[in-house]
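**Student:** After the structure tokens below, expect a handful of questions from me.
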Amino acid sequence: MAASSNSSLSGSSVSSDAEEYQPPIWKSYLYQLQQEAPRPKRIICPREVENRPKYYGREFHGIISREQADEILAGVEGAYILRESQRQPGCYTLALRFGNQTLNYRLFYDGKHFVGEKRFESIHDLVTDGLITLYIETKASEYISKMTTNPIYEHIGYATLLREKVSRRLSRTKNESRKASVTSEENTPVEKITSLVRRAALTQNDNHFNYEKAHNFKVHTFRGPHWCEYCANFMWGLIAQGVRCSDCGLNVHKQCSKYVPNDCQPDLKRIKRVYCCDLTTLVKAHNTQRPMVVDSCIREIEARGLKSEGLYRVSGFTEHIEDVKMAFDRDGDKADISASIYPDINIIAGALKLYFRDLPIPVITYDTYSKFIEAAKISNPDERLEAIHEVLMLLPAAHYETLRYLMIHLKKVTLHEKENFMNAENLGIVFGPTLMRPPEDSTLATLNDMRYQKLIVQLLIENEDVLF
């Protein structure tokens with residue numbers, strides 16, 4: 001496709017002065033093609049069809065052949081009918097006229113209509129979306145295949161000259177910018193560029209703990225015209241036009257999502273809770289080195305609980321532990337877990353253990369679990385420690401830092417063993433299954449591995465100064 005058909009990005013997207021920041025000019029070629037796509041034309045059956053499925057309308061023509069369908073649709077671009085298969089009664093087909101030929105698609109219904117992955121409330125919407133896709137992919141197949149070669153993401157998301165000044169500007173106006181409803185020249189909501197500006201601003205100067213994090217993309221239906229924040233091209237179709245990162249809000253084509261770097265910067269307003277949230281997502285959203293739950297609980301325990309008998313082994317009241325959990329989910333790092341609210345330190349210890357148990361990916365990740373277990377089975381002590389150290393290096397940075405900080409704390413707990421009766425082995429029994437779980441949900445595997453889980457944590461505590 002001729003490059004002149006789309007708007008250029010040059011000269012408008014990067015400014016050396018953040019105060020003069022201008023949104024990118026979105027490439028409108030695919031949007032123009034969507035506007036040109038044939039409109040659906042329902043061909044009504046002139047007779048009353050017996051046994052017509054209740055979820056189809058008068059576009060259903062009953063049992064007819066492909067040849068008959070072709071005759072009915074001949075010469076009318078975008079025309080469609082539904083028919084029942086002659087060869088497979090009870091199976092239904094969408095016959096659609098496009099490109100001077102009749103296309104036949106096996107049609108399904110499960111409460112919504114579909115011929116592929118997308119599901120539609122009505123046949124009319126299904127056909128509309130299908131005609132758009134057929135038209136764009138026919139007219140612009142070469143263009144689409146090259147969409148990712150010059151991504152806007154690299155020019156805007158990492159505009160070095162913008163970083164510090166945009167950051168200062170955002171810090172002054174973050175409340176106003178969230179409410180902004182200003183639109184660009186193409187009536188594109190400013191919200192669409194917000195995540196680009198955020199990524200430009202969130203650098204190592206602002207984000208001291210710049211852990212790598214993959215985007216959490218999920219198929220999304222965009223209301224109104226939307227452009228891809230990776231390639232700047234229009235996201236065509238009626239529904240499920242692309243994917244959105246549920247953690248930072250980045251909107252991209254499904255095919256573009258494969259090229260987006262692992263640089264997700266979670267937005268706090270999208271993180272609904274603290275417990276049960278992915279560990280890396282939480283620390284990046286709060287811009288902290290470790291989950292603030294871990295810091296808060298350990299700070300409280302070290303201030304007033306290191307000598308408490310049976311620390312981490314004795315359980316606090318479940319309902320009080322749930323109260324602490326709700327406090328963190330509700331108030332974040334402002335949650336009050338002081339002695340005046342929770343005098344029993346076992347409640348705080350229980351809340352910390354619960355946080356680790358609730359993680360969707362354990363501190364010792366599923367990917368490294370089997371390697372840790374194999375390392376624990378090595379009989380030579382020096383070789384075993386060396387193997388454990390090598391596996392520790394495979395942990396994601398946020399997981400490694402959290403584990404390191406916890407082991408330093410648990411080492412302090414063992415220094416008060418005479419008062420609390422908790423040595424490294426006892427703590428290994430408590431924290432083994434809390435910090436590491438087998439990838440497969442197998443009771444037998446868990447039971448078989450328990451002694452190795454205990455041993456790993458015990459060795460991490462005893463050798464934290466060597467291993468970390």
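Backbone N, Cα and C define each Cβ position, glycine as well.
Sharing the features that TrEMBL gives for it:
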REGION    1-20  region 'Disordered'
COMPBIAS  1-16  compositional bias 'Low complexity'
DOMAIN    59-127  domain 'SH2'
DOMAIN    214-264  domain 'Phorbol-ester/DAG-type'
DOMAIN    277-468  domain 'Rho-GAP'
**Student:** Counting by DSSP, what is the helix, strand and coil composition of the domain 'Phorbol-ester/DAG-type' (214-264)?
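**Tutor:** Helix (H, G, I), strand (E, B), coil: 3 helix, 14 strand, 34 coil.
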**Student:** By DSSP assignment, list the helix, strand and coil residue numbers for the domain 'SH2' (59-127), in that order.
**Tutor:** 13 helix, 29 strand, 27 coil
**Student:** Given the model, what does the mean pLDDT over the domain 'Phorbol-ester/DAG-type' (214-264) come out as?
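**Tutor:** That stretch averages a pLDDT of 93.
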